[in-house]
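A.B. asks: Sending over a structure as structure tokens; questions will come in a sec.
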Amino acid sequence: MWQFFHKLGSPKWFFGIATRFMPWLLAGGLLLLAAGLIWGLAFAPKDYLQGNSYRIIFIHVPSAFLAQSIYISMAVAAVVTLVWRMKLADVFVKAIAPVGLLFTFLALFTGAIWGKPTWGTWWVWDARLTAMLILLFLYGGVIALDRAINDEKSAARAVAVLVLVGVVNIPIIKYSVDWWNTLHQPATFKLTEKPTMPMEMWLPLLLSVLGLYLLFGWLACIRMKTEILVREQRTRWVRELVLAGRK
Amino acid sequence: MMSEPLLQAVDLECERDERLLLQNLSFSIVPGTLTRVEGENGSGKTTLLRILAGLNDAWTGELLWCGKPRAHDRESFHRNTLYLGHRPGIKPLLTPMENLRALMAGRRPVNDDVLAQALAGTGLAGYENVPCRNLSAGQQRRVALARLLVADEPLWLLDEVFTAIDAEGVKAIEALLQQRAAEGGAVLVTTHHDLQVPGMRRIVLGGGRGNE
Amino acid sequence: MNSAGRALVKPVEQGVGVFSAMLAVFARDVRVAFRQRQDLLNPLLFFVMVVTLFPLGVSPEVSFLQQSGAGILWVAALLAVLLSLDHLFRHDFDDGTLEQLVLQPQPLFLLILAKTLAHWMLTGLPLVILSPVLGVMVHLDGNSIAILCLTLLIGTPVLSLIGSIGAALTLGLRSAGVLLSLLIIPLYIPVLIFGTGTVAAAAEGAPVGGYLALMGAFLVLALTLAPFASAAALRISMSNS
């Protein structure tokens, strides 16, 4: 058990595994996402209230899902960094924080585009949007702190503390923003007003969510591999790898 | 009784800013000895002392305190170790007396007469109630050194203690360290000063670099 | 130098209780602050000036100020605390007293708690005391002012406690001040929301007991968790210096 754990923490081992899995992640992700999007955009029924404009949820919802899951996964990795000091966890957090930022931004951006036809305005201080915006700030802080500290190990540990403090705060932020929202604007806008989503909408959404998760896995692997190469550039296996690649 | 090591380092290794600073470093510090950490600039003397003192946690290997891993009883370790670093730990706005009181406050109760005596012992008699920012660099340093005169801790870790101290002061400190070792204390120092003490041990850093 | 008459070296078995160690840390910070009184005034002046900007920059109308006054005061207080946080550990870090604090044979998180409480007493509490004057200037009624003060009294320690984490994380970094704000502002949002929300609820005549209890819960949570996070962050920053 412990040996497995240590192996898991070895960058070299991960590098090999990631190289083997990446094509599958990419292929599976693209396939599911394409299926979900084509089904959702072209064949799923119109919404009885919003018409075609609702179709952006096939991008919006998966992005929002990922934006949140990435932060949670960073928090898990942060615990691993602080408790077991596993190199791979450091690499993971550093590699995926910008991806999380990207998906958060994407969720906000598609939300704004959706808002225009639905609410008649690009931005509404809706509880979900505001909470998303704060999540964007949290990601920004994590990335800024990581960039500010030169020493890799210190950076990883400091970022881990910040991510954990953030993850304790996320439910509080979410709760307070919900409360603030009901205080300021009685629930006129709700993204989830529709009582039930018909199966023909729900299934393509599920497919795109799964597809985007797989694509995220692929993206995380690429970024982690790059980060590992940079960090381990002085080790023999990286040198051999690079030399072999040159031939 | 004298042979039992206070602090033992096994395979200490420390990487900083992508550079292997310390490597395969093992040694033990025994009561009644004076040890000098030697090495050129940037060889990791200060880093080693900070690791030993418990300020730097970014190392691998083992540190044993009285035979047990240090992490098991950190409080007892800190209670028995005195560290003086580059930065003297003196608040410029407070007087020497207030500074000493604050430094001792978390460790053990010491009454003011003892502290005043210690200040007098470092040549600061009459300056007890002058804010430290009005003192010279050497005098501020002496405030920090006054702690050595009231220190009970068996292990002293002293980083560049002779900085900004005049020749006479240096001699006095040398004598103090020697006496401390004779009494059964363990002293670890880094210094650029040419320290000559009979029976002094050495830890040389930077020798193991360059070969695979 | 001489140390005649000292006993032979023996291990130190017992030391000082943690409470008196905390008290010493607290007392030293307060003493240092009072030796440099201008630094105590700065956050207060900043607080007053930021509040002044709103009537000048937005509108001096009584109706606007009445409606937004609590929010303006809260934002200004939040910024004033944020501004003062950089000093929480920096001076101690520069002169080496922070090293000695970390090396004390005491639980570090409790010593940091003492430091943070001193910070609150020297910055947050004066803001709370000053806020009624500014409340009158933005035309809040008596009841709103009382509630506002109460929310600030509960809320500003939370700001100091959460802020101590950011101050510890950014210790010794370049442009630490701006970075500190980036890290900490998102975490301040719940306190701000409930601080101003409570005053708004009071203005509408709604009962505020529940909101105040919730803010109290924030305070308890911050008191129990923040010192641990700060202590961990401080050890990391120390290792890096």
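Any Cβ shown, glycine's included, is placed from N, Cα and C.
Summarising the annotation, TrEMBL assigns domain 'Cytochrome c assembly protein' to A:13-184. The transmembrane segment annotation in TrEMBL covers A:21-44, A:56-84, A:91-115, A:127-146, A:158-177, A:201-221.
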A.B. asks: Looking at the transmembrane segment (A:91-115) and the transmembrane segment (A:21-44), are there 3+ C-beta pairs under 8 A, with each pair at least 6 apart in sequence?
C.D. replies: no
A.B. asks: Establish whether the number of Cβ pairs under 8 Å between the transmembrane segment (A:21-44) and the transmembrane segment (A:201-221) reaches at least three, counting only pairs separated by 6 or more residues.
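C.D. replies: The answer is yes, given that the two segments have at least 3 Cβ pairs within the 8 Å cut-off.
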A.B. asks: Using a cut-off of under 8 Å between C-beta atoms, tell me which stretch among A:56-84, A:127-146, A:201-221 contacts the transmembrane segment (A:158-177) the most.
C.D. replies: A:56-84
A.B. asks: Same chain only, please: residues at least 6 beyond the ends of the transmembrane segment (A:56-84) with a C-beta under 8 Å from a C-beta of the stretch. Say none if there are none.
C.D. replies: 5, 9, 36-37, 40-41, 90, 92-93, 96-97, 99-100, 103-104, 106-107, 110-111, 113-114, 128, 132, 135, 138-139, 142, 156-157, 159-161, 163-164, 166-167, 170, 204-205, 208-209, 211-213, 216
